[in-house]
Amino acid sequence: MSQSNLNDKTTLTGKRKLEDMSENSSSDEDEESLFLQQAKEVFSQQRKPVIIPQFPENMPDKVNSDEDDDDENFTDDESQLSNEETSEQVQEEVSEEEQEEEMEKMEESIEQLAAGREEKEDADIIIAICNAAKPQEKIKPPDLRSSVNCMVTDISFHPSEELIAMSNIEGEITCYKYGNEENELLHTLNHHKKSCRVLSFNHDGALLFSASKDKSVVITDTETMTVTQSFRKAHDSPIYSLLCMDANIWASGDDDGVVKVWDKRRAIQKPVAEYKEMDEFVSSMITDSGSRLLVCTSGEGTLTAFNTRAKKMEGQSEVYPSEMNCVGLIRQETKVIAGLGNGNMYIFDWKAFGYHSDAFGDHPSAINCMIPIMDNIVITGCDDGKIRAISLFPHRFLGVVGHHKFPIERLDISTCGHYIASTSHDGRVRFWNISYFEDPNLKLMESTTKKSVRNKKRSLRKEKLGFQLPSSKRRNKGDFFAGLAEPEPGPAEAAEPDSDAASDSDAESTLEAESEDVK
């Protein structure tokens with residue numbers, strides 16, 4: 001029993017084990033089958049085969065329309081992308097074309113500018129040539145020459161007519177009617193045997209006085225050109241200077257320093273007064289409008305005044321280191337100015353002739369002659385052949401009016417005040433138009449260069465000594481670069497900042513007023 005029971009138990013246990021194993025295997029198989037099915041389903045969902053439907057040839061339009069719609073949707077996206085790309089490409093091409101066009105335009109504009117400049121330069125050259133070919137308007141009379149080509153000793157303008165008289169070293173006197181176009185010879189006089197040193201018209205121009213080295217004085221009527229009076233032995237020495245003091249009184253001085261005063265109304269040819277206060281030649285004479293004092297300069301370097309009515313010497317200056325060659329009245333006849341052979345100029349107060357009250361010593365050479373043209377402007381003729389304009393009070397050089405090759409000997413001013421005439425050793429009388437001195441807006445001297453403080457005075461003096469005024473035919477050094485200078489602002493441009501400032505000030509005033517109202 002026991003064995004059978006054991007066998008039965010073993011068999012039972014074996015069966016149970018087999019059943020359990022079968023169950024486990026079945027369960028495993030079931031699980032595998034389930035897993036495989038699920039995996040196949042998932043895999044099939046993830047990887048669906050692409051099925052290309054095959055449609056027959058004769059399909060209805062609806063199907064084709066659906067396909068067209070899909071294709072259109074697809075092509076729309078592609079077309080949008082392609083349109084964007086093409087637009088970008090077109091924009092890039094357009095920008096490149098615009099840049100190329102701009103470059104071409106710039107090149108064309110540069111070429112046009114260059115061509116315009118060349119044309120303008122050519123036009124300017126042509127205009128300059130045409131202007132040079134045209135006859136220029138004459139602003140002064142042509143030069144006069146002595147008939148025998150000898151040195152001109154003196155000149156004198158007629159006080160009321162366009163006449164000028166000139167004398168030469170041969171004793172010949174010629175009278176011309178001057179004009180801007182031509183000069184006309186009117187008369188030739190040969191009254192003197194030797195050099196005619198002095199010529200002078202009287203105040204109304206009716207008489208012409210001439211004095212010579214032969215010690216004679218001749219008075220000529222300017223209408224008939226006949227001799228009215230002749231003083232064959234007026235002085236014991238050759239006459240050097242002569243002055244018409246008024247309609248009847250005239251004075252003369254000789255090489256020995258003797259001064260004589262004459263009255264043409266006297267029947268006897270004797271002087272009214274005679275003075276011997278100087279040891280050298282009497283170089284020049286002046287008098288005031290009252291003709292009371294006769295002021296003389298001499299080669300000994302003194303300035304002497306004579307009272308012609310009292311017939312005595314009024315005063316005499318101290319001896320200066322050089323000869324006094326010329327004298328003039330300035331500042332409404334309140335001052336006397338004298339030019340010396342060393343280039344200095346001394347100013348004396350009227351009726352105070354003992355010592356000078358002011359001086360101006362910047363001339364580079366001797367002052368041979370002088371003529372005041374305005375109350376504070378004097379023209380001087382120097383040994384270096386230059387005619388200079390000087391402004392007084394303050395004292396400064398204005399520039400060079402004209403020039404000769406040789407020293408300037410005589411100067412005179414016309415009755416209209418527009419011309420001065422000068423003589424030199426070259427036998428010519430030259431005219432200079434000085435009407436620009438009457439223009440108040442004319443800038444005679446402008447220094448455009450900066451200079452150190454140390455050499456400023458010296459450089460300005462040198463610059464002014466060589467500065468050429470409009471009457472001179474020579475040009476200044478700075479005129480060569482005048483075209484390169486920037487144009488100065490006009491009056492309208494200059495007034496703009498002032499208007500802006502005024503507007504700013506008005507705005508500030510209105511703001512202040514508003515703030516006060518608020519307070």
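Note: Cβ is positioned from N, Cα and C throughout, glycine not excepted.
Annotation comment: TrEMBL describes 1-13 as compositional bias 'Polar residues'.
What TrEMBL records for 1-110 (among others) is region 'Disordered'.
Here TrEMBL flags 66-105 (among others) as compositional bias 'Acidic residues'.
Tertiary neighbourhood of the repeat 'WD' (189-230): same-chain residues 153-161, 163, 165-175, 236-244, 246-247, 250, 252, 254, 264, 269, selected by CB-CB distance under 8 Å and a gap of 6+ residues from either end. Residues annotated as repeat 'WD' in TrEMBL: 189-230 (among others).
Residues annotated as repeat 'WD' in TrEMBL: 401-435 (among others). The repeat 'WD' (401-435) scores a mean pLDDT of 93 in the predicted structure.
Taken from TrEMBL, the feature region 'Disordered' covers 464-519 (among others).
Look at TrEMBL and you will find 482-494 tagged as compositional bias 'Low complexity'.
Taken from TrEMBL, the feature compositional bias 'Acidic residues' covers 495-519 (among others).
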So how many of the residues in the repeat 'WD' (189-230) end up helix, strand or coil by DSSP?
0 helix, 22 strand, 20 coil
